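In what follows, a structure is listed as structure tokens, so that the remarks can point back to it.
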């Protein structure tokens, strides 16, 4: 089996390579090849593979020699290469982090702790396109999958608190630049205990509204503020990110024909790489909270139910705690005043791990027959 990697240097690709190294995945890959869009003929990264030279990621003939292609190169690359490659007669497996092919009928959105049965059926039935899901959707399902898998959810609404990493590496840098620039504007006043906080606040507010605030990537301030819209406007009042929440969740669960209604608002906040979500769910029956917690906790090895208490919540349910880990904590689970079937939940997860790289890493192992 020849496996080709494209986009291994970018943010998601780098996290994928790091995770594959940690899990010794390259030992399960008979022949690994690395492709590039910018440095053809250069030295490939060394993961113990025989092929030491970078190949041309835009060369369809070269790509067609692969049995599996794993790409984190982005949607534009997929749009330019995928169809010509298939048209050339290539019948290999395409594993992709980008959203371009997600909703195609001949593609499966992969999140194996939640939809391993869908993936296995796809492999049996000759499906060759395995696509990583939207980060927010994947993280919600890792946390709340137990309720969805047991068909207990009548509807759900998710209000998100999404990290800068979802918009890209430059946006993460811009967030930190914004934080630093705000501090620099009032550093002297902060150092002086007698300075008035309202004066400091006014200087910060003026700076946030000024042209000097670094916002080339987000377009508006994020540090010290938030952005109540993510992705393009679909023209019906919904953003594309919000639309994905419903359609992708149902596709992952294999129930696009009989969908669970899911909707909500997606908001960008000043977190680096962890998405958080506040959810309201209407269940199909009035279950005790203890039973709900047991169903959630038993769904997979990574979800962690946090007791609905102040100290546990403020220490365990935060981006600061979760960043860089595979843990997906879920807490704030309680009955709402609307009635016994209505529950709240709050969950946090790393946007680059279960939100992006980890489902690809695992589906590659599944296709190779080693997971």
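Heads up, the Cβ atoms here are built off N, Cα and C, so glycines get one too.
Record check, Swiss-Prot: substrate site residues include 162, 241, and the candidate from 173, 255, 268 also listed there is 268.
As a whole number, the greatest separation of Cα atoms within the NADP(+)-binding residue list 9, 10, 11, 12, 37, 38, 73, 165, 166, 193, 351 is 54 Å. Ranked by CA distance from residue 275 (active site, proton acceptor), the recorded positions 37, 135, 241 have 135 at the top as the closest. Not a single one of the binding-site residues 102, 241, 244, 268 has a C-alpha within 10 angstroms of the C-alpha of residue 351 (NADP(+) binding site). Neighbour counts of Cβ atoms within 10 Å were taken for the recorded positions 9, 102, 244, 268, 275; the minimum is at 9. Least crowded of the binding-site residues (37, 73, 162, 351), judged by neighbouring Cβ atoms within 10 Å of its own Cβ: 37. Only 135, 268, from the recorded positions 135, 244, 268, place their Cα within 10 Å of the Cα belonging to residue 166 (NADP(+) binding site).
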